[in-house]
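All remarks here apply to the structure that follows.
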Amino acid sequence: MSDSPIKYRLIKKEKHTGARLGEIITPHGTFPTPMFMPVGTQATVKTQSPEELKEMGSGIILSNTYHLWLRPGDELIARAGGLHKFMNWDQPILTDSGGFQVYSLADSRNITEEGVTFKNHLNGSKMLLSPEKAISIQNNLGSDIMMSFDECPQFYQPYDYVKKSIERTSRWAERGLKAHRRPHDQGLFGIVQGAGFEDLRRQSAHDLVSMDFSGYSIGGLAVGETHEEMNAVLDFTTQLLPENKPRYLMGVGAPDSLIDGVIRGVDMFDCVLPTRIARNGTCMTSQGRLVVKNAQFAEDFTPLDPECDCYTCNNYTRAYLRHLLKADETFGIRLTSYHNLYFLLNLMKQVRQAIMDDNLLEFRKYFVEKYGYNKSGRNF
């Protein structure tokens, strides 16, 4: 895919780490990296408008192939003019392959060489998602960046199982490349798997790099392993990927994990975390994790995060946010979701500046101490 519509441009490498500052050029515009991508599962980032996403600095969003295939259907979206037009988003979109949802949501799934048969979680009907079908759906959606179909083995599965799994994922990747109908306006990424086994990650990366994808995703992390185990896998995996292609760590959104991924050379991240925890009133702030629903904030008339200049923090108090959430008002979820997304996008902006200034390790130390990780024992 040497004439790929997705191009990575390296701007600067950080002197003391593997971090890199760059930009990714797509058919729907260019965005800076490292970048966090908000997740729009059902062709919407929950409770946020496209205008709000642009306002907070989101250069690209992610949407889910599995969910859009089942409802409203990829062919309907194609008739609407593609996903960009359907959801009124004129900037880059990345779609996943649907594989992770099949493994995590669907019932009675069965993995064969052909693909994965499963029960539709909406109506119980039996369906098959194959490498070719995953590509066909994404071709209909018209995303800028597509994912090849993979199996995501659990981190602690036995070596022999993971070995068979990555070999099948490589065969599926090759089939997906052959099925790709729109290589000139949609980039396709391969997904490196291998659980925690260095030799299997190496084999997976070698297979996929030889196929010359537009970029490479690192899958099978943030699925229950420790933070240290994830960092150890990233330490060797990013080294196996080409310098002239984007690197994407899937499903990671905790602030310290984002910084640690960047330190190891990752360019792109996505996660439902900021919006999911916002719906329960959990907010990421410059002083750490804050559950604004808690009784201690009932008469707290200060901003959610005094150091944040997002719409929520500029206009509303902790007491008001608590009231909205306790009263089950959607506006409360909109405001906490906006803040959490803004917080992570702004964190990545600070990370990009730290790479420019060659002080990313100092920034990490300052951020982690201030966020209070060691006090709470939690990573968000």
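Placed from the backbone N, Cα and C atoms, the Cβ positions cover glycine too.
Quick look at what Swiss-Prot lists:
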- ASP96: active site, proton acceptor (ACT_SITE)
- ASP270: active site, nucleophile (ACT_SITE)
- ASP96, SER97, GLY98, GLY99, PHE100, ASP150, GLN193, GLY220: substrate binding site (BINDING)
- CYS308, CYS310, CYS313, HIS339: Zn(2+) binding site (BINDING)
- 251-257: region 'RNA binding' (REGION)
- 275-279: region 'RNA binding' (REGION)
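Here the features listed in Swiss-Prot are painted onto the structure.
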residue	record	DSSP class
SER97	substrate binding site	coil
ASP150	substrate binding site	coil
GLN193	substrate binding site	coil
GLY220	substrate binding site	coil
CYS308	Zn(2+) binding site	coil
CYS313	Zn(2+) binding site	helix
HIS339	Zn(2+) binding site	helix
Field: Residues flanking the Zn(2+) site, with Cβ no more than 8 Å from the Cβ centroid of CYS308, CYS310, CYS313, HIS339 and excluding those residues themselves
entry: PRO303, LEU304, ASP305, ASP309, TYR311, THR312, ASN314, TYR338, TYR342, PHE343
Message: Spatially, and counting Cα to Cα, which of the recorded positions is closest to GLY98 (substrate binding site)? Options: ASP270, CYS308, CYS310, CYS313, HIS339.
response: ASP270
Long-range environment of the region 'RNA binding' (251-257) - Cβ separation under 8 angstroms, sequence gap at least 6: 36, 100, 221-223, 227, 230, 269-274, 284, 344, 347, 364, 367-368, 371, 373, 379-380
Query: Going along the chain, which residues at least six beyond the ends of the region 'RNA binding' (275-279) come within the CB cut-off of under 8 Å?
result: 38-39, 45-48, 333, 336-337, 339-341, 380
Alpha-carbon distance [CYS310 (Zn(2+) binding site); PHE100 (substrate binding site)] in Å: 32
Query: With every protein chain in view, how many other Cβ atoms are within 10 Å of the Cβ of the residue listed as 'active site, proton acceptor'?
result: 30
- prompt: Mean pLDDT for the region 'RNA binding' (251-257), as a whole number?
  reply: 97
- prompt: Listed recorded positions are ASP96, SER97, GLY99, GLY220; which of them have CA atoms within 10 A of the CA of CYS313 (Zn(2+) binding site)?
  reply: none
- line: Close in space but at least six residues away in sequence, with Cβ under 8 Å from that of CYS308 (Zn(2+) binding site), the same-chain residues are THR285, SER286, HIS339, TYR342, PHE343, ASN346
Statement: Long-range Cβ list for GLY99 (substrate binding site), cut-off under 8 Å, min separation 6+ in sequence, same chain only, gives VAL116, LEU129, ALA134, MET147, PHE149, ASP150, GLU151, CYS152
Message: Using a 10 Å cut-off on Cβ-Cβ distances across all protein chains shown, tell me which of the binding-site residues (SER97, GLN193) has the largest neighbour count.
response: SER97
Task: Compute the C-alpha separation of ASP96 (active site, proton acceptor) from CYS310 (Zn(2+) binding site), stating it in Å without decimals.
output: 29
- line: Whole-Å Cα distance, CYS310 (Zn(2+) binding site) to the residue listed as 'active site, nucleophile', is 20
